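TrEMBL lists 1-268 with the feature domain 'G-protein coupled receptors family 1 profile'. The transmembrane segment annotation in TrEMBL covers 7-30, 42-63, 84-107, 141-161, 218-240, 252-271.
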Amino acid sequence: MSNYLILNLAISDLLLGIAVLPFSASYSTFHIWHFGKFLCEMWLIIDVLCSTASIWGLLMIAFDRYIATNYPIYYRHHRHSIPRASVTICIAWFVSIAICLLPTLIFEKSPQLMTTTKYNAQTHQCELFKDSSFVITSSLLSFYIPLIIMIFLYAKVLYAIKQQSSLRLKVNSIHRTIHDKVNRQIDNNLIDEDLPSSDQQQIGRRELSAEVRVTRSLAIVIGCFICCWLPFFTLYIIRAVCDCLSFNAIEFFFWLGYSNSSINPVLYAILNKNFRDAFRNILWKDNCAS
């Protein structure tokens with residue numbers, strides 16, 4: 001199921017790059033919206049939709065890793081289930097669409113609560129609502145709640161991996177003890193089936209190395225996610241309650257959040273062995289063909 005979730009993540013990031021970033025680049029460069037009210041509203045909707053879908057896509061991948069490590073037998077029998085993957089992906093997009101509809105369903109019914117409109121024809125500005133209620137609600141649903149759940153899930157993943165590594169080491173130790181007792185009872189003329197004395201240490205090192213690799217990979221994933229999005233959503237909330245932030249700071253962290261969508265495909269391709277092997281085969285075939 002991981003491949004379907006990574007594909008979904010790639011689609012949301014690709015949509016963000018195609019439908020949002022060109023307009024964002026123009027708006028950031030000229031500080032004027034040249035494309036009218038309709039495209040302004042579409043740009044804001046797709047921006048929130050794709051960004052939230054990307055974040056919730058990361059959460060679904062974390063949930064998939066949690067199931068894989070904590071319920072391996074169940075996961076092994078259902079990992080290729082397209083219906084389950086489809087339901088998981090639909091949840092991410094359903095939440096994203098619901099957040100996009102918040103202004104229409106709730107906040108536009110109370111115009112006195114809003115401090116700005118989406119599009120100002122006089123100043124040619126295109127902005128999302130600055131109402132603090134909407135900002136806090138959307139920030140919680142789009143980022144802070146997924147972040148807390150992701151940290152919890154990855155903590156459970158690391159704990160499960162540590163437990164499994166400890167269990168394997170105990171099993172190997174018991175096997176080693178039994179093997180030694182049997183070998184001492186075997187006639188010296190028979191073939192010695194004893195393991196080298198360093199094998200147990202090598203097994204332990206391999207287990208520790210695997211645990212370190214997984215820990216490092218998860219740290220990279222969650223670290224990049226936090227570094228890219230936490231500053232943006234923090235400033236997003238501060239900006240809703242006061243005008244004490246500089247324009248340059250807002251712009252910088254605005255694009256830092258966008259950068260997570262460009263990091264995701266590379267990051268998950270590097271950390272996923274199947275994707276690494278596929279890319280290696282493609283590049284190797286291309287080099288051989290040329």
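Including glycine, each Cβ sits where the backbone N, Cα and C put it.
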Per Cβ pairs under 8 Å, the stretch of 7-30, 42-63, 218-240, 252-271 packing most closely against the transmembrane segment (141-161): 42-63
Tertiary contacts of the transmembrane segment (218-240) (same chain, 6+ residues out, Cβ under 8 Å): 55, 58, 65, 130-132, 135-136, 139, 142-144, 147, 150-151, 154, 157-158, 249-250, 253-254, 256-257, 259-260, 263, 267-268, 271
Positions on the same chain near the transmembrane segment (42-63), where near means CB under 8 A and six or more residues out: 2, 5-6, 8-9, 12-13, 15-16, 19-20, 23-24, 35, 88-89, 91-93, 95-97, 99-100, 118, 126, 128, 138, 141-143, 146, 149-150, 153-154, 157, 221, 225, 229, 257-258, 260-261, 264, 268
Mean predicted confidence [pLDDT] for the domain 'G-protein coupled receptors family 1 profile' (1-268): 78
